[in-house]
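Q: Attaching a single structure in structure tokens format; questions to follow.
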Amino acid sequence: MKATFQVPSITCNHCVDKIEKFVGEIEGVSFIDVSVEKKSVVVEFDAPATQDLIKEALLDAGQEVV
């Protein structure tokens, strides 16, 4: 499964690193693409990962998800 999250609070590479760390810890996540320019995060994943778990990880990383 693939999901795109709009994350307007992404401003720098530190944000990218933190997002990759938090989302990458979720079992089932196979790909993460964070774009500072587009302020988006694209995640490819399989169970047990879910969109809700990914959104929670983004929030835990200090990001706003819309």
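Glycine is treated like the rest: Cβ placed from N, Cα and C.
Under the heading domain 'HMA', Swiss-Prot lists 1-66, citing sequence analysis as support. Residues or ranges marked as Cu cation binding site in Swiss-Prot (evidence: sequence analysis): C12, C15. The disulfide bond annotation in Swiss-Prot covers C12-C15, and the record cites experimental evidence as its basis.
Any idea what these are sitting next to in the structure?
A: Cβ-based neighbour count (10 Å, all protein chains) for C15 (Cu cation binding site) stands at 18. Look at C15 (Cu cation binding site): DSSP puts it in a helix.
Cβ neighbour count for C12 (Cu cation binding site) (all protein chains, 10 Å cutoff from its Cβ): 9.
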Q: Determine how many residues of the domain 'HMA' (1-66) DSSP places in helix, in strand and in coil.
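A: Across the domain 'HMA' (1-66), the residues distribute as 22 helix, 18 strand, 26 coil.
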